[in-house]
Amino acid sequence: MAITKKNLIAFVFTILFVISYVHCRSTSDIVSGSGIKEDEHVCFKTSPCLPEVGGEKGCIAFCSRMKFTTGLCLGSVVCCCYT
């Protein structure tokens, strides 16, 4: 079976279409919803939120050491760190 110019062009366009489809699907799956990214956060049951350890400032310092942007105390034993 001979490969004609028409078949070769159809094959190349098919490959290009598949590659672009896979590329577009993989990037669009990263952004979900309306495009507004909520803050990612992690909560720790630690003592920085206790008043004698520092309270809110202690939680912020703890989160800064953990490479987060900020921290927020939930009660006196839970410190939530946000990116």
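Cβ from N, Cα, C; glycine included.
According to Swiss-Prot, the protein has these features:
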- 1-24: signal peptide (SIGNAL)
- Cys43-Cys81: disulfide bond (DISULFID)
- Cys49-Cys73: disulfide bond (DISULFID)
- Cys59-Cys79: disulfide bond (DISULFID)
- Cys63-Cys80: disulfide bond (DISULFID)
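Recorded residues Cys73 (disulfide bond) and Cys59 (disulfide bond) have their alpha carbons 6 Å apart, per Cα-Cα distance. Here the candidates are the disulfide-bonded residues Cys43, Cys49, Cys59. The one whose C-alpha lies nearest to that of Cys80 (disulfide bond) is Cys43. In the three-state DSSP scheme, Cys49 (disulfide bond) is classed as coil. Nearest neighbour of Cys63 (disulfide bond) by Cα distance, taken over the disulfide-bonded residues Cys43, Cys49, Cys79, Cys81: Cys81. The disulfide-bonded residues near Cys49 (disulfide bond), taking a 10 angstroms Cα-Cα threshold over the set Cys43, Cys59, Cys79, Cys81, are Cys59, Cys79.
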